[in-house]
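Report on the structure given below.
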Number of protein chains: 2
Amino acid sequence: MPSRLEDLCVQKGLKMTDQRRVISRVLSNAADHPDVEEVHRRAAAIDHRISIATVYRTMRLFEEAHVIDRLDFGDGRARYEGTRTDHHHHLIDVDSGEVIEFTNEEMERLKEAIARELGYDLIGHRLELYGVPRNRRGEPSGGA
Amino acid sequence: MPSRLEDLCVQKGLKMTDQRRVISRVLSNAADHPDVEEVHRRAAAIDHRISIATVYRTMRLFEEAHVIDRLDFGDGRARYEGTRTDHHHHLIDVDSGEVIEFTNEEMERLKEAIARELGYDLIGHRLELYGVPRNRRGEPSGGA
DNA sequence: TTATATGCAAAGATTTTGCTTTCTG
DNA sequence: CAGAAAGCAAAATCTTTGCATATAA
């Protein structure tokens, strides 16, 4: 059975190879935000005939076709998630590294309003919040 | 005359070398968001006795001391700006690459509220809007 | 003086690319 | 079959680091 993202690829007219099917499946099943190395690891577990170069090339292709979204959590490498219909954002728990997704209608409205006010049409945006759990306390946020 | 950021460094107890003074000055005078290479270029124009390695080390030091903020506009390298008192964000003009800064009190409140609702204390955040000028036309804004 | 900073070049990490072979449509 | 994709390894970016020398406090 074709994965959700595989369907999306076909819909967009992408030529489908075994590798792309596997990567589609990995990303369709991912509940998290894997980086390229992790995608490659999971893909290779399904079918080892897949190189890291192909993963890189495929991620770029998928990104340009809007099949996936590239994320950036500030750690120097790209993370990915399958493109979704809901506009959502991420809160990164800096203690655990956990990523919490959230949606917020007011935020959507506000972003549009700000862009319009500045004379722009919004075509993209990125919001990440970095936080620490509220009931855990005492973390010194001091220097080095 | 010491630059604004040089004062900040001294205030934070950082040992001041000629290189750090020059970098402080470059960043104090920057109205944009230079990357490391650009900082090095400008610093070397003032005093060539400064290596790219020192710029990297100094940027990290300054960032950790909260003398500067690291930004990320999604192009794979870090950008910097002197730390300011106002919480501001960036709208990137994807046509020209120009970066427009803005502040928005409602946004500040909203972010805090969202984090609190999710059970977190906000310690950082990042918001970038990507837009195209509204009075320039012809760009098909199609896509998913 | 003594710990710290700098320069240089080598090493790391992530991502891209040239070229040959393989495969999709 | 023709043009596109994959694999592999080399290269390109951006950033960090080891070590000897120079410098701030």
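Placed from the backbone N, Cα and C atoms, the Cβ positions cover glycine too.
All annotation found in TrEMBL is predicted automatically rather than curated by experts.
Residues annotated as Fe cation binding site in TrEMBL: B:His87, B:Glu108, B:His125. The Cβ neighbour count for B:His125 (Fe cation binding site), using a 10 Å radius and every protein chain shown, is 20.
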> Chain A sits near which of the binding-site residues B:His87, B:Glu108, B:His125, counting only a Cβ gap under 8 Å?
Replying inline: B:His125
>> Suppose the Fe cation site is B:His87, B:Glu108, B:His125. Which further residues of the same chain have a Cβ inside 8 angstroms of that site's Cβ centroid?
In response: B:His89, B:Met107, B:Lys111, B:Glu112, B:Leu122, B:Leu127
> For B:Glu108 (Fe cation binding site), which residues of its chain lie six or more apart in sequence with Cβ-Cβ distance below 8 Å?
Replying inline: B:His87
> How many other Cβ atoms sit within 10 Å of the Cβ of B:His87 (Fe cation binding site)?
Replying inline: 13
